[in-house]
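Data block below; observations after.
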Amino acid sequence: MQHLSEQSSVVKYKMVLIFLLGILVLIASFIASLSIGAYAISFADVLKLLFSPDEGKAASIIHTIRLPRALVGIIVGACLAIAGGIMQAITNNPLASPQVFGVNAGASLMVVAGVVLFPGLGSSTLVYFAFLGAAVGGAIVYSLSSTGGGMTPVKLALAGITVHLFLSSLIEGIVLFHETSTEDVLFWLAGGIDGRNWADVRLMIPWSLTGLIGALFLGKGLTILGLGDDVARGLGQKIGWIRASSAILVILLAGISVAVAGPIGFIGLIIPNIVRKLMGSDYRLVLPLSAVFGAALLTISDVLSRFISFPAESPVGIVTALLGAPFFLYLASKGGRAA
Amino acid sequence: MKKSIVSLFMLVLVLVLSACGGSSEDQTSEDPQADSGETAEDTRVIEHEMGETEITGQPEKVVALEFSFVDNLASLGVSPVGIADDDDSERIIEPIREKIGDYTSVGTRKQPSLEVISSLQPDLIIADMKRHKDIYDQLSDIAPTIILPSLAADYEGIISSFETVSKAMGMEEKGDEVLADHEAKMEELRAQVPEDEERTVLPAVVADSGYFAHNMESYTGSLLESIGLKNAIQSGDERYNKINLEQVVEFNPDVMFHMVAGDQTVVDEWESNDLYQNISAVENGEVHEVDRNMWSRFRGLISSEKILEDAINYLYEE
Amino acid sequence: MSLKKMHPMTIIISLTLLVLLGAFLSIGVGAVWIPPGSIFNYFVGVDAGGSGYIIENFRLPRIIMSLLVGAGLGISGAVLQGIIRNPLASPDVIGITKGAGFAAVAVIILFPSLPVIGLPIAAFIGAGLVTIGLYIFAFKRGVQPATLALVGIALGAICQAGIQFLTVKFPLETNAALVWLTGSLWGKDWTDVWMLLPWIVIVVPITFFLAPKLDVLSLGDDVAEGLGEPVRKARLLLLIIAVILAGASVAVVGTLGFVGLIAPHIARQLVGNKHIYLLPVSALTGTLLLMVADNLGRGLFPPTEVPAGIFTAVIGAPYFLFLLRKMQKS
């Protein structure tokens, strides 16, 4: 008995340490994101101007351009990582993530269709298109991969990537017909956060907060679900209810991200896997930690994306893909089971 | 059973094989370059990006696969029979549309319809290096084809393309005249720019998806530089850069020429931001909306003159 | 469902006739419509003027390309679905086409002055490299079907990331690659036909002889080994064949998707799971699918050409949903 509580205090200690580490990385990348850009502002000035803005150009740049962009990055990263974590818990499958599940591509297709078919729509309406698309994409992949005796990593990945490719081709077709610019196609296939402003932050906050808080409440249920349906039922969990609310949360979290930033991939795949490796499968810890590390990873990727073809902007989705695809290979070479 | 299926398939494949074997042999003997020209006096060899092409006589039916070549032809007083106009005649700028009259659209510049081109039975095809390199063989089989830089060319490249086009058309004298006129015109325009002009300019395509700035090496940028208007962007690996508000602020152009694409653009969003309002060009009321087709897609002599007229008009005659 | 009662040979023969008829009708379709009279004249050797030139230089090579590519991708998909034992496997999904695409784009940027012929060669090599990578990574785990599929998807994702990086970094240079990346029969001529033909003519019959191996493999590794089949060797051989067919096809026409996924499904609806019938029928349905897609791309918005790859997705997506409903019901 004593042994057990000792162990749990070690776990707690470790958890706090990792959590602090995550916050530290996040803050560092956040400041880097505020400091690096075409307009040179020194490190010290960034910190000073962040808290006491003056009338100058530098302060304006930080407060109207870099800050909202960094915040969008943090929110999107957190949302995608949590969505990935929830999906991996529900399906008990390390490859599950908004991208592999067709949720990103579905939302993206609906937003592109909305923009093309109803040009006057504001972004607050397009969010609902994104939710619908996310739901449909996810539902298709879920039903495709769970036919014929349970969902294995292979079935999920094959179904997910196939649907992803289909939807991406349709997006490409729509964008090509609508406007022949390559940049548009790339944005809608890779996703980016350059040029995002306070309006986008305001749009995201209510939805992402709902998703975040919901995820915190869901943590316990998801952890117990991991012990198997029977055990969970024995412990008095309403399995159907957990699954349904998980689905809704995933749609909210991934949908709002895609509506604002396009289908940024791999964050939702990598982060929960790493966090689980560090922390074990207690989703009360995994989900909040995923949020922190997801936010940090997207912010770092965003900083890196500014160097690809400086001074021009490149979609951040390219960086997350370059980082994430090899990680996918690592998971895949373990048969999609480990980590 | 297995064998019968296999043999059935082999049969089909043999049929297909023999069908195409027959036709490809004809193809070589029909090559227009093989049996044309040796004797005629006015046969000339045109050097271009993909090698050399022999052209005999004065081509009458010309197909242009980029807008800059349409401009070149119009300058020479030639109306092309076919144009890759992206199936949208509005993309041909007004002054040139008036000059050339009716033509047949051969589809998009990216993937022009070879069938339509061949049905026009042209005797010269002018195509772009970046876009049409891969179909050079097919085009050459239809008619003598020259491949010139357009999409990736700057103003000087455009001028040298024009010289090649007039040579290919057998209108070298006329070409020299046109060029002399053009240079005189350019000189006249240049004279309207004061020696001490120090303002920087920034031409950019503005769309909903972003702000695409053209730097000093781009066609529009280099053209404006040629009359002494310095581009705000003197760096960058690429000629066309997607940049955000912060970078526009950093480059702080004194004059901006916006080629507007679409009803809503990023600039609408920026206008509510003080940073944008404080950009030199915005403060001085020197943000000008210009025609994207003329300013960025056309890349020719006539459009160059029109662009500069536009620019000088906006800068000095308001 | 009544189709299933028909003898597979009857289906194969009627499909072949349908393909030939379709090919004949396709000759007339395009930005320039050619009346059947002129087509007939062309084939009997009467001078058909400009139409004759169009038929000979543009329509015929494109139609024959759609036969070859459709067959290559269709069979490749059927073989992959057989060895991976999953109906959702296809050359697109397990990274072969993406590998070809990445190699092609990289070559365009690194060697801009490379002659036109270099592109398909590079693409074919790219597809080959992905396969080698696939095998190396999957080998550790005994070349399990599941690992093959997952590693393939991952390698595909890496190549896709590479393609996106290059297109962003070098937008002007990649312009030439864009048409190729969407997959299109536009601009294909006899040179392309001759380049692809030997691969298809030699490899396709080999797959028919290997059909029984696929039947055995589909019973599962244990049963297959029990029946004396060296499972790993057979799987490797079949994988190489699938890559050659898909790689050669994609090298010539670009990353044209979904034919390899959908054709085998239609074929399975028609003749069931026996590979000796499934393979040829997959080839025929692949051919039909691509021919229809290319006809639409040519004839729907003339003179604008729409890449066939977009229409294979547009036709493929609804069928995919239909398939989903069917799988759920059963």
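We count from 1, first residue shown onward.
Keep in mind that glycine also has a Cβ here, set from the backbone N, Cα and C atoms.
According to TrEMBL, the features are:
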TRANSMEM  C:63-84  transmembrane segment
TRANSMEM  C:93-111  transmembrane segment
TRANSMEM  C:117-139  transmembrane segment
TRANSMEM  C:146-163  transmembrane segment
TRANSMEM  C:236-263  transmembrane segment
TRANSMEM  C:275-293  transmembrane segment
TRANSMEM  C:305-324  transmembrane segment
> Taking the transmembrane segment (C:93-111) as reference, which of C:63-84, C:146-163, C:236-263, C:305-324 has the most Cβ pairs under 8 angstroms?
Replying inline: C:146-163
>> Cβ pairs under 8 Å only, please: of the recorded stretches C:63-84, C:275-293, C:305-324, which one is richest in them relative to the transmembrane segment (C:236-263)?
In response: C:63-84
> Who are the long-range neighbours of the transmembrane segment (C:305-324) in its own chain, taking Cβ under 8 Å and residues 6 or more past its ends?
Replying inline: 31, 66, 179, 182-186, 253-259, 261-262, 265-266, 289-290, 292-294, 296-298
>> Do any residues, 6 or more residues outside the transmembrane segment (C:275-293), come within under 8 Å Cβ-to-Cβ of it, and if so which ones?
In response: 8, 11-12, 15-16, 18-19, 22-23, 26, 63, 66-67, 69-75, 77-79, 82, 185, 204, 207-208, 211-212, 214-215, 218, 256, 259-260, 262-264, 266-268, 308-309, 311-312, 315-316
